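Swiss-Prot annotations:
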type	residues	note
DOMAIN	2-141	domain 'Globin'
BINDING	58, 87	heme b binding site
């Protein structure tokens, strides 16, 4: 994947400046509301809101992985090999769920960034999440 200087700047500076865990919790909660069948992977959770403990804890894991992708934009796939295997072989998460969560992250970024979330910015973040979804899906057969 080729990243332009504008794309690299947008992703790295925005990621540094935002409350990633809050963003992640809101994106997960949105996914659970809009796509309720995705809750099936979280049988241990009792609540599916952005302020619930379980959602916040999973958001930390998700945003931690997204942070790894931000710092390794030139080689996201190799960074996600183990995570992809875990989700494919142990957790049996449907690849489509990653795409749904990515959409929810983009929506939450738009809400957070408001006027700074121009169409070009949205396109950058959709590209980033597309790369991440591709990377976490690579071990699926």
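Placed from the backbone N, Cα and C atoms, the Cβ positions cover glycine too.
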Practice problem: Over the span of the domain 'Globin' (2-141), count residues by DSSP class, listing helix, strand and coil in order. | Solution: 107 helix, 0 strand, 33 coil
Quiz item: Once the chains shown are all counted, how many other Cβ atoms turn up within 10 Å of the Cβ of residue 87 (heme b binding site)?
Solution: 21
Quiz prompt | Around the Cβ of residue 58 (heme b binding site), the count of other Cβ atoms that are within 10 Å | solution = 18
Self-check item: Mean predicted confidence [pLDDT] for the domain 'Globin' (2-141)
Solution: 97
